[in-house]
Amino acid sequence: MKNIIDEYLKFIQLEKGLSVNTIGAYRRDLKKYDEFLTLHKISHIDFVDRQLIQECLGHLHDEGASSKSLARFISTIRSFHQFALREKYAAKDPTVLIETPKYDRKLPDVLEIDEVLRLLETPDLSKNNGYRDRTMLELLYATGMRVSELIQIELEDVNLIMGFIRVFGKGNKERIVPLGDTVIEYLNTYLETVRPQLLKNTVTDTLFLNMHGKPLSRQAIWKMIKQNGIKANILKTLTPHTLRHSFATHLLENGADLRAVQEMLGHSDISTTQLYTHVSKSQIRKMYNEFHPRA
């Protein structure tokens with residue numbers, strides 16, 4: 001089984017162009033699957049049947065896996081078995097009749113506009129790392145990009161004259177996102193004044209650098225956002241994705257076209273973007289209850 005899993009992971013990396021994070025999730029799911037099959041002394045992929053997969057799912061459920069985690073796990077092993085059948089490693093696909101559990105998608109946390117402004121104004125602009133942090137926060141809120149996309153941006157991806165930035169999303173899919181005047185101003189100063197001082201003697205085309213002139217990690221940006229959120233006295237759970245959620249929700253609340261927001265976020269499926277319309281509706285209900293005299 002392990003050799004088929006290895007071939008499958010190579011396939012999704014080379015042929016499907018999935019991100020490192022997504023491949024990591026697939027690898028973890030398949031490791032659990034392989035461990036379960038080994039425990040049950042399954043020596044060949046064709047010995048796997050529907051009942052065994054159901055037992056595996058029951059085992060994961062008993063260990064505390066959520067419906068969402070189980071849905072992802074099923075998606076992973078279904079894709080794996082389809083690959084094995086297609087490449088003739090297996091004679092059958094035992095996942096055909098396996099149903100994916102439904103789960104309630106939690107509405108994302110969204111910042112109010114005044115909370116966004118407080119967060120943006122927290123970094124100390126007199127320091128190089130403070131100006132860099134402000135620029136990153138402005139860019140995250142201005143574009144709705146993911147942190148995994150932010151850390152990949154290179155100098156050639158930024159066009160301040162035309163007012164857009166090129167972003168490479170999941171599966172290395174390219175999209176062009178417009179930039180507003182405010183973030184252009186911060187990017188311009190960062191590129192002309194701050195980045196050269198951070199760069200020191202290193203050579204890199206990566207846009208955002210740490211104090212040693214090296215590309216920033218995802219963890220560093222998460223930590224920066226959390227620390228600035230505390231300073232800004234924001235009590236909501238704050239992650240880089242909170243700014244992405246806020247970007248989408250604020251656009252839709254102000255009448256933006258759903259398809260345009262989908263394009264800017266890089267969603268392949270518009271139903272993912274539609275989640276933010278529910279957030280907007282919940283905000284409308286909240287305002288109605290708060291301000292209507294007979295609510």
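For all residues, glycine too, the Cβ spot is worked out from N, Cα and C.
What TrEMBL records for 1-85 is domain 'Core-binding (CB)'. For 106-289, the entry in TrEMBL reads domain 'Tyr recombinase'. Annotation source TrEMBL lists active site at Arg146, Lys170, His241, Arg244, His267. Per TrEMBL, active site, O-(3'-phospho-DNA)-tyrosine intermediate is recorded for Tyr276.
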Using DSSP, break the domain 'Core-binding (CB)' (1-85) down into helix, strand and coil residues and give each count.
68 helix, 0 strand, 17 coil
Cβ density check for His241 (active site), other Cβ within 10 Å (all protein chains) comes to 17
Listing them in sequence order, which of the active-site residues Lys170, His241, Arg244 have their Cα within 10 Å of that of His267 (active site)?
Lys170
Sequence-distant neighbours of Arg244 (active site) in its chain (C-beta under 8 A, six or more apart)
Leu140, Gly144, Met145, Arg146, Leu265
Return the residues near Lys170 (active site) by Cβ distance under 8 Å, restricted to its own chain and a separation of at least 6 in sequence.
Leu18, Ser19, Thr22, Gly266, Ser268
Local backbone state of Arg146 (active site), from DSSP in three classes
coil
Residue among the active-site residues Arg146, His267 whose Cβ has the most other Cβ atoms within 10 Å
Arg146
For the domain 'Tyr recombinase' (106-289), the mean pLDDT of the predicted model
88
